[in-house]
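If you check Swiss-Prot, you get these features:
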BINDING   49, 50, 108, 109, 110, 111, 112, 113, 114, 115, 116  5-phospho-alpha-D-ribose 1-diphosphate binding site
BINDING   109  Mg(2+) binding site
BINDING   112, 155  guanine binding site
BINDING   112, 113, 114, 115, 116, 154, 155  GMP binding site
BINDING   112, 155  xanthine binding site
């Protein structure tokens, strides 16, 4: 069982790491540079939902046309809880990796506690596992990552943020 972690907005604000679309794209391309030396890969498997965007970028850059998903729910808003496999990797993709994942690339945005990574590793133990960001608890479970952040950091991904109007600092300047 995974312990429940409640991160309200006030707690997250002190350890916030906002990532812009531009920065995320650069980080995904940097990840691809590293992965290019490891491949080739027969398929990319995105861990949804966070792994969808980096998987698309990595697959494009590496020229991989077969993209699959494994859908695992681990967060409900800002609370991490029990893992639930909503959709497994397709049999045709598993077959490309000989059933163990050899030659397959698993991509996610972040490895946090490692719970999701551990579950996916059990499904495809020989696959190469890559994330854009890694926290210390989960880092040993991934093969390739770009940026490590502290365990108490909350990453705000660009798809979680919205552009809003910011009033001028000086009253009446607008």
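Note that Cβ sites are derived from N, Cα and C of the backbone, with glycine treated the same way.
Distance noted between the C-alpha atoms of residue 113 (GMP binding site) and residue 155 (guanine binding site) is 14 Å. Other C-beta atoms found within 10 angstroms of the C-beta of residue 112 (5-phospho-alpha-D-ribose 1-diphosphate binding site) number 27, with every protein chain shown included.
Using a 10 Å Cβ-Cβ cutoff, residue 115 (GMP binding site) registers 20 neighbours.
On a Cα basis, residue 155 (guanine binding site) lies 9 Å away from residue 110 (5-phospho-alpha-D-ribose 1-diphosphate binding site). A 10 Å cutoff on Cβ-Cβ distances gives residue 155 (guanine binding site) a total of 21 other Cβ atoms nearby, all chains included. Only 49, from the binding-site residues 49, 115, 154, place their Cα within 10 Å of the Cα belonging to residue 109 (Mg(2+) binding site).
Looking at 108, 109, the binding-site residues in this record, the fewest other C-beta atoms within 10 angstroms of the C-beta turn up around 109.
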